[in-house]
Amino acid sequence: MAATRKKQLECDVLFEHQDLLALTLAHPQPRKQPQSRTLKDGTRLTLIDSGILAIEPLRPGDSDIVLSCGVHGNETAPIELVNDLVNAIISGELVCRQRLLVQLGNTEAMVKGTRGVQENMNRLFSGAHARGESNPEKARAALLEQTVRDFYNQSGRKRFHYDLHTAIRDSQREKFAVYPYRPGRAWSIEQIRFLAGCGVETILLSHSPTTTYSYYSSNEFGADAFTVELGKVYPFGQNEMSRFEACRKQLSRLIAAQPLEYPPLAQSVVFDVCQVVNKHHEGFRFSFDDAQANFSEYPPGTLLAQDGDTEVRVGAVAESIVFPNAKVALGQRALLTVVPTAIDDRFE
Ligand SMILES: [Zn+2]
């Protein structure tokens, strides 16, 4: 009886005090069973598990939208942004007219204020969580995947997944998105303009499979999916939320099935991912300063990194660095390089 009462209280924190984030930080561990409530307008909210909430209007529009954040637990701005959207829906300020799945990713890392606990969760998707010894992060990645799979349960509907992040380092381009490899499918001009409407005007086209979350939804379910970098990491409460206003408004329009903001295509800058540099030796080091900003550009032939006996150099044209991190585990990606590209017949 007492346990039932306690569970009811936890649920009420969300539905009456209207805060998914507070509830998740107080109870980051797996929940025993889903709990549902219905809003006055008939919208059904189902707390599927800790930090995982499905919002289903009585008569949804044509889109199934996944918004994930906190896959890296210390990337707080997107978590606060998504939580604000959920609060607005619960309070009735924002009317949800599409099926929506919200996920606060790495709950344990969020509580600790760290990027991960044992590993980088954004390398655990497309089944990578099943390799090697199990741990709470792998279990969580499997759960996130499963809830996305359950959510995309009807064919013929539009599928979107925006996996929201902030970067560890400064960036010459504050906001950017990685567009996962999608063999056989053209890149979407509409999506590039949609992201520009979120304030994300730089797009990186990926050309190889990976174990990131956005690639999972793109590859397995044909979703328009992106890893979206919205700025720099700060602790909870220290984000200047005005910097995310364009994104919040555009996502609100998407959820509410209202006309979207589509800036002219010329506003966006697109890069091809050129080199994916994985670390193979413990002594891996960059030849540039550790604090170098994302999108710093280097001329042809420049030595970028030394990995054992292998030298990583810029090729025949100038390349810019993105996500350099010499501290990754062996076998993981230590650097991407990108080169500007045109919006050509690969797009439609
Ligand atoms: Zn991240």
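Cβ from N, Cα, C; glycine included.
The structure displayed is predicted, hence computed values, not measured ones.
TrEMBL annotates His72, Glu75 as Zn(2+)-binding residues; of His161, His165, His207, His280, the candidate listed for that same site is His165.
For the recorded Zn(2+) site, residues His72, Glu75, His165 set the reference point as the centre of their Cβ atoms, and the other residues of that chain within 8 Å of it by Cβ are Cys69, Gly70, Val71, Gly73, Asn74, Pro78, Arg115, Asn122, Leu164, Thr166, Ala167, Val233.
Rounded to a whole number, the distance between the Cα atoms of His165 (Zn(2+) binding site) and Glu229 (active site) is 5 Å. For Glu75 (Zn(2+) binding site), applying a Cβ distance below 8 Å and a minimum sequence separation of six or more within one chain yields Cys69, Arg115, Leu164, His165, Thr166, Val233. Per-residue pLDDT, averaged over the domain 'Succinylglutamate desuccinylase/Aspartoacylase catalytic' (64-255), rounds to 96.
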